[in-house]
Amino acid sequence: MAATLLSQCYRIYNSDACKCVSSENHQTTGKRNGNRNLEFDSGISKPARLVLRDRYKVTKQVNDPALTRALRGFADSRLMEDALQLFDEMNKADAFLWNVMIKGFTSCGLYIEAVQFYSRMVFAGVKADTFTYPFVIKSVAGISSLEEGKKIHAMVIKLGFVSDVYVCNSLISLYMKLGCAWDAEKVFEEMPERDIVSWNSMISGYLALGDGFSSLMLFKEMLKCGFKPDRFSTMSALGACSHVYSPKMGKEIHCHAVRSRIETGDVMVMTSILDMYSKYGEVSYAERIFNGMIQRNIVAWNVMIGCYARNGRVTDAFLCFQKMSEQNGLQPDVITSINLLPASAILEGRTIHGYAMRRGFLPHMVLETALIDMYGECGQLKSAEVIFDRMAEKNVISWNSIIAAYVQNGKNYSALELFQELWDSSLVPDSTTIASILPAYAESLSLSEGREIHAYIVKSRYWSNTIILNSLVHMYAMCGDLEDARKCFNHILLKDVVSWNSIIMAYAVHGFGRISVWLFSEMIASRVNPNKSTFASLLAACSISGMVDEGWEYFESMKREYGIDPGIEHYGCMLDLIGRTGNFSAAKRFLEEMPFVPTARIWGSLLNASRNHKDITIAEFAAEQIFKMEHDNTGCYVLLLNMYAEAGRWEDVNRIKLLMESKGISRTSSRSTVEAKGKSHVFTNGDRSHVATNKIYEVLDVVSRMVGEEDIYVHCVSRLRPETLVKSRSNSPRRHSVRLATCFGLISTETGRRVTVRNNTRICRKCHEFLEKASRLTRREIVVGDSKIFHHFSNGRCSCGNYW
């Protein structure tokens with residue numbers, strides 16, 4: 001009976017199981033399992049295990065081939081309790097048997113036990129070898145212990161194993177997983193010999209850390225060194241191309257995969273290619289890849305659904321979902337729900353939310369994060385907050401989503417508070433966190449804090465990240481520092497379409513439309529294809545700078561040369577441009593021929609043009625259309641009020657005021673912000689609360705007299721009666737917040753330095769004239785950003801050309 005059972009064991013554990021640890025085994029993965037309730041393999045019966053133990057008791061030979069094979073068999077079959085019991089009965093186990101046990105614990109995801117067993121091995125005086133350390137290092141990575149990793153690395157150096165490629169590959173993976181790219185680079189650079197796994201570990205490690213640029217650069221270096229990419233290299237490189245938005249490089253890697261036949265029949269490589277084109281917005285390419293796939297698993301379907309959803313093809317996304325379920329018999333999983341959410345309006349989003357709850361997909365960290373994204377984009381911030389607060393487990397991506405939701409909904413100070421909370425936690429902000437929070441600094445007007453986060457970016461190895469640099473360009477531009485915005489743009493090595501759009505729009509809002517146009521020509525010369533946002537920025541530049549002919553040329557070239565259908569935003573820019581000429585009959589004709597129903601914003605463009613040309617008839621017509629859509633549009637009421645007051649139509653002024661009061665509409669209080677010595681100072685109209693009030697008003701009086709201003713002005717939106725206005729100083733433009741902030745900036749900054757002020761409303765004409773003269777008088781550049789554009793006052797002139 002015993003002989004029969006032993007022969008059965010020999011048949012089960014053939015000679016292949018006796019091979020020592022190979023390079024393939026170095027890649028073994030396993031999930032962490034905190035207890036010992038492991039899954040038992042039915043291949044070994046309980047009687048067989050008993051016979052093996054009895055054999056050891058009889059033979060007392062540690063090197064008995066049957067027992068060695070049995071121990072290896074227990075470990076390979078994840079029967080670690082039996083393996084441990086058999087091992088403990090062996091008095092003198094050699095390094096091979098210790099390695100078998102460590103490998104077994106690691107393969108089962110029992111990383112703590114594996115590290116403890118290694119310590120026991122060292123304590124027993126058994127010398128570890130090059131087969132020991134790859135699994136020990138993998139277990140250290142599994143418990144995320146950098147301290148233990150450093151100790152193991154030191155031991156590897158002491159034993160002279162740093163020349164072993166498998167040990168070094170494991171160290172690279174360890175350091176990359178723990179976010180220590182510098183240590184991984186050092187190991188990689190000092191390796192006397194590298195294999196494809198060495199390169200793959202570095203390339204995928206950079207990508208996992210959000211450094212797609214370094215990942216791509218290393219992939220190129222690998223090719224130069226004569227290594228042929230395998231499926232893992234290819235998938236990592238494709239992911240890096242998506243991360244840094246490098247369509248040209250992505251297509252080159254795709255072509256290489258086709259030539260090397262890497263993509264043939266490999267569903268994961270094909271899915272990576274599909275995902276890359278999806279993120280580029282190349283839906284037709286993605287469809288071609290998807291339709292050409294011989295095999296499609298749930299991952300491929302999910303990517304295609306996500307492709308449609310991400311690129312605004314909502315109907316196609318749901319049709320693809322339906323086809324997957326009905327024609328292919330695949331059941332939607334949690335990722336399907338995640339990918340459908342971007343295509344969902346609030347109603348469909350709640351439906352998917354309910355479906356996920358019914359299917360038991362929740363709680364699920366990734367799905368909950370996607371729900372936060374969806375509710376944030378739909379303006380349902382409260383729902384997003386509820387989901388975030390109820391999450392049992394949060395990672396940095398969850399924090400990124402709720403921060404982005406706050407920023408998207410204009411809650412910039414809440415976003416900054418949440419970012420500080422994340423900063424104080426054990427989690428480390430990643431590149432997406434930084435890119436998400438930078439717009440909040442731009443909108444909160446905190447340039448000094450923006451510079452602090454910029455310094456962090458440089459120190460945190462994100463200085464080559466295109467997405468972050470794009471956000472920095474936007475932040476500096478919106479904070480009024482066009483020079484630093486340009487410096488960040490120049491630092492971008494892989495400039496994508498967002499990079500060019502950001503810098504084109506930056507110069508546009510600062511009134512330098514000619515430079516925006518020149519940058520567009522540079523963009524085309526760099527072979528970066530423009531998109532809808534590019535032309536929106538370009539047309540805005542033409543409108544702000546009064547380049548009418550150029551604007552028409554770019555508008556007509558959108559469809560003709562680039563195949564881009566103009567959207568409602570482009571028609572709005574063109575209406576601004578036409579309105580600038582004062583040709584309102586042409587503007588009305590343009591509105592009638594427009595293939596869209598005019599929005600309140602479109603009518604607002606006409607209203608603004610009528611204000612600049614003092615055409616009250618057109619203004620009343622445009623305002624009437626706006627009130628049909630937005631009866632409580634504060635800006636529209638205030639603009640009409642100003643126009644009536646400037647025309648001396650006081651009855652209409654009173655009528656508008658009464659109408660605003662009846663609707664509970666109040667005028668937005670003017671507030672100006674200026675930074676001095678790293679601190680923001682806020683002023684309101686007639687403000688006397690500042691500690692330097694006396695000095696501010698002294699400077700204001702001196703400058704006002706020197707520029708030849710009178711002491712009293714009639715303010716057009718005063719609530720006082722017309723006959724009383726001339727007797728009042730309280731509403732004089734001399735006390736407007738933008739002047740107070742400017743004067744404080746003049747006395748609190750070094751002589752000759754630029755003064756930058758942000759104002760939340762449009763500055764009045766009197767203040768505009770004052771600032772022009774003040775810039776010439778003080779020989780200082782004064783930059784004022786109002787609710788529409790930035791004004792660069794220098795030597796008595798403004799970049800807006802007196803049209804804003």
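Residue 1 is the first one shown; counting continues down the chain.
Just so you know, glycine gets a Cβ as well, placed from its N, Cα and C.
Residues or ranges marked as region 'Type E motif' by Swiss-Prot: 602-677.
Annotation comment: Swiss-Prot describes 678-708 as region 'Type E(+) motif'. If you look at the region 'Type E(+) motif' (678-708), the same-chain residues 6 or more away from its ends with a CB under 8 A from one of its CBs are 445-446, 448, 669-672, 730-731, 734-737, 739-741, 743-744, 746-748, 770, 773-774, 777-778.
Taken from Swiss-Prot, the feature region 'Type DYW motif' covers 710-804.
Look at Swiss-Prot and you will find 63-93 tagged as repeat 'PPR 1'. Helix, strand and coil counts from DSSP across the repeat 'PPR 1' (63-93) read 21 helix, 0 strand, 10 coil.
Among the features that Swiss-Prot reports, repeat 'PPR 2' is placed at 94-128.
As a summary of secondary structure, the repeat 'PPR 4' (164-194) carries 23 helix, 0 strand, 8 coil according to DSSP. Annotation comment: Swiss-Prot describes 164-194 as repeat 'PPR 4'.
The repeat 'PPR 5' annotation in Swiss-Prot covers 195-229. Per-class residue totals from DSSP over the repeat 'PPR 5' (195-229), listed helix then strand then coil: 26 helix, 0 strand, 9 coil.
Positions annotated as repeat 'PPR 6' by Swiss-Prot: 230-264. Assigned with DSSP, the residues of the repeat 'PPR 6' (230-264) fall into helix, strand and coil as follows: 27 helix, 0 strand, 8 coil.
Annotation source Swiss-Prot lists repeat 'PPR 8' at 297-332.
Residues belonging to the repeat 'PPR 9' (333-363) score a mean pLDDT of 63 in the model. The annotation repeat 'PPR 9' is assigned in Swiss-Prot to 333-363.
Within the chain carrying the repeat 'PPR 11' (395-429), a Cβ under 8 angstroms from the stretch's Cβ atoms is held by residues 179, 365-366, 368-370, 372-373, 375-377, 379, 381, 384-385, 388, 436-437, 439-441, 443-444, 449, all 6 or more beyond its ends. Annotation comment: Swiss-Prot describes 395-429 as repeat 'PPR 11'.
Sequence-distant contacts of the repeat 'PPR 12' (430-464) (same chain, at least 6 residues past either end, Cβ-Cβ under 8 Å): 181, 209-211, 213-214, 396-397, 399-400, 403-404, 406-407, 410, 412-413, 415-416, 419, 422, 470-472, 474-481, 491, 493, 673, 675, 678-680, 756, 758. The feature repeat 'PPR 12' is assigned by Swiss-Prot to 430-464.
What Swiss-Prot records for 465-495 is repeat 'PPR 13'. Within the chain, the repeat 'PPR 13' (465-495) has long-range Cβ neighbours (under 8 A, six or more residues past its boundaries) at 210-213, 243-246, 431-432, 434-435, 438-439, 441-443, 445-447, 450, 454, 457, 502-503, 505-507, 509-510, 512, 526, 528, 756-758, 783, 785, 790.
Residues annotated as repeat 'PPR 14' in Swiss-Prot: 496-530. Outside the repeat 'PPR 14' (496-530) by six or more residues, the chain places 244-246, 248, 466-467, 469-470, 473-474, 476-478, 482, 485-486, 489, 537-538, 540-542, 544-547, 550, 554, 562, 564, 789-792, 798-801 with a CB less than 8 A from a CB of the stretch.
Counting only same-chain residues 6+ beyond the ends of the repeat 'PPR 15' (531-561), those with a CB under 8 A from a CB of the stretch are 281, 497-498, 500-501, 504-505, 507-509, 511-514, 516-517, 520, 523, 567, 569-570, 573-574, 576-578, 580-581, 789, 800-801, 803-804. Taken from Swiss-Prot, the feature repeat 'PPR 15' applies to 531-561.
As annotated by Swiss-Prot, transit peptide applies to 1-19.
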DSSP-derived helix, strand and coil totals, residue by residue, for the repeat 'PPR 8' (297-332): 26 helix, 0 strand, 10 coil
Long-range Cβ neighbours of the repeat 'PPR 4' (164-194) (under 8 Å; 6 or more residues past either end): 23, 26, 130, 133-134, 137-138, 140-141, 144, 146, 149, 153, 156, 201-202, 204-206, 208-209, 211, 214, 428, 461
